[in-house]
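First comes the structure, then the notes that go with it.
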Amino acid sequence: MRRNLVRALTGVAVAAALIGTAACAPSDKSGDNGDGKSCTYKIAMMGPITGDNAGLGKPILQAVQLAVEKHNSAHADKCVTLEQADDKGDSSVAPGLAQGLVANASVLGVVGPAFSGPTSATGSIFEGGKLPIISASATRPDLSTKGWTTFHRSLGNDASQGPAVGKFIKESLKASKVFVIDDTSDYGTGLSEESKKALGSAVVGYEQIQPKQTDFSAVVAKVKTAAPDVVFFAGYYAEGGPLAKQIKGTGIKTTFVGPDGIKDQGFITGAADAAEGSIVTCPCIPAEKATGTFAADYKARFKEDAGTYAAEAFDAANVFLDGITSGVTDRAKMLDFVNKYDKDGVSKHIKFDAHGEIAADQIVIWTYDVKGGQIIAREPIK
Amino acid sequence: MNYFSDRWHDLLPNLGDLVVAGLTQGAIYALIALGYTLVYGVLQLINFAHSEVFLVGTYASIIVWGWIGYAAGDGNPVPALGTVILLLGAGTIAASLVSGGTAVLIERVAYAPLRRKNAPRLIFLITAIGASVAISELVGELTNRRPWGVPLLVEPKTQFVIDPGMSINPAPVTNLQIGIVLSAIVMWFLLDTFLNRSRFGLGIRAVAQNEDTAALMGVNKDRVIMLTFLLGGLAAGVAATLYNLKIGTISFNIGFLLGLKAFTAAVLGGIGNLRGALVGGLVLGLVENLGAGFFGNKWIDVVAFVILVIVLMFRPTGILGDSLGRARA
């Protein structure tokens, strides 16, 4: 009897372990390929589908899925399969996945990698395989100047976000004392450098936190001593939520400002009441401002509003899909097609310069308010 | 030279705040370290799954608070004192029961079958790591890998201010910080008394000294081991509730680093020794925060482990030595 109980419980534990490992195993499941028949070509989505910051990967994945499904219903003869590469937002996981994609000759384009760290770690692998990539969210400035001809991104980078943040904090928020914190990631350090340059003498303090850190007492003590008007945190929501909460806990009056990395509901669930009144900046347009029926289509398909970078990812996927529609059959032709692309997307006009960047006049940095537990569009920074 | 005077200049104004914050953080390490040390004292097993025993406790207290009607972000005002005591009581009991239950479950499912087969020690260690990953991933799946906020139950209110003068800023000490440090000391005291004064405690110490002899003297070894896991789980549950109040956000992966730190605290103080866990926790919290204040926060983990290595070089059994069964029996 007792032995049976133990056996049953062991079974439960084993099942739990299997569910756990299934969730963290590199996912190479194929997405919807129309009516189930196998398609000749694939495009891939690479980003965090599981892991600490999976919330930021989900809208990107779903937007790409939406684009592929639309393409497949319109061009059944040139159908495309979506390949999911789950890098967890982790630079050490990404290279292996990138090699897998490069080795798979039917993959003609990659939407991603989503985060700057993994992009930095895989750029040369994609370059070696001549596999064109369009990231819808990696914003570290120097990604486009490493000589990778295959690299493109469908949004502005932190060389525009950083100065815009500085301008916004100084002019709109009228802050004279700013404390800058970053998370030591490729993305966070790039952004904090750019914003510190723009803020100049307004920076009264600078600290770095560690990914996965939960207790920020030492940083909070410094913030308290500096008593800034604004705390700008360059990092992701997993750390941003608790950091905002602990800063608010000291009772000092300061406005918490963070970038696209905290623009996720996870920031609000993590910071709870302390999130209220925070401001988020992002080189992404609010979904409801995207042109055409994108926001409505997305909501109809996934029963939720399009999240951060969904519109940008939809545009990136459509560049590759348009290429396949127009008869592209290999990577060299795809790269050529992407470089010559010149068409309106739902987020902006998509045309890449020689470095794979969007034209400066197309880039708009938006600000968002955290109000009533929601992230609500505030205004573009002009 | 210039580097150090700059750093010193950074540290000095915050010294008071950092000491208070360090002791508070250290108290939470100490509570978790009690669990590591108890199990190690009896079984010489490093129960790496103990960090997840703590993790499920943090979720249990938040869920119970939600049932009572206090959830994060619903705009509830901070409740009155009577309600707070009720909520804290309910949260602590729920966290302790769930943590204790999880600890016993892990023991029954993962370790007991191995012990029956006389498996080598390494196998236990791997099993512990496996259990830890499985539970953490399961929680991650169930919570969609999003962090959870904790409702504001205790408004941190300054009780008194330590003003050391010189160029050190006065450091306010809040009710919450006092409560956390006191809880750790009380919990240690209760466990210590239980081990040294009660019949069950005698049984635990007997098994810690020599399992086989204890069995010959009529001690039920399996029951004693389960009890040990249960006690560690209860302490972790208390830690989980206090962690919720202090940090205010939890996520499926918080256990790993915290568990590593608590284990470090246990080794630092002398693993197998309850008083060592308390001292180790407080020392680690202090050293970490002062180190972060001096070198910058990004060195916080480096400082912790460098101190561990230095202490172990001079005192291989930790600050107070290892002595659950041996020295004080």
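Think of each number as a place in line: the chain as shown, counted from 1.
The backbone N, Cα and C atoms fix where each Cβ goes, and this holds for glycine too.
Pulled from TrEMBL, these are the features on record:
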TRANSMEM  B:20-41  transmembrane segment
TRANSMEM  B:53-72  transmembrane segment
TRANSMEM  B:84-106  transmembrane segment
TRANSMEM  B:118-139  transmembrane segment
TRANSMEM  B:176-195  transmembrane segment
TRANSMEM  B:224-244  transmembrane segment
TRANSMEM  B:250-271  transmembrane segment
TRANSMEM  B:278-296  transmembrane segment
TRANSMEM  B:302-321  transmembrane segment
Close approaches to the transmembrane segment (B:224-244) from elsewhere in its chain (Cβ under 8 angstroms; 6 or more beyond its ends): 27-28, 31-32, 34-36, 38-39, 41-43, 47, 50, 53-58, 60-62, 88, 91-92, 94-104, 106-108, 112, 115, 150, 179-180, 183, 187, 191, 194, 200, 203-204, 206-207, 214, 250, 258
Of B:20-41, B:53-72, B:118-139, B:250-271, whichever stretch has the most CB pairs under 8 A to the transmembrane segment (B:302-321): B:250-271
Cβ-based contact of the transmembrane segment (B:53-72) with the transmembrane segment (B:118-139), 3 or more pairs under 8 Å: yes
Candidate ranges B:20-41, B:84-106, B:176-195, B:250-271 - greatest C-beta contact count to the transmembrane segment (B:118-139) (under 8 angstroms): B:250-271
Remote residues contacting the transmembrane segment (B:176-195) - C-beta distance under 8 A, at least 6 residues beyond either end: 20-21, 23-24, 27-28, 30-31, 34, 38, 154, 156, 159, 201, 204-205, 231, 235, 238, 242, 245-246, 274-275, 277-278, 281-282, 324
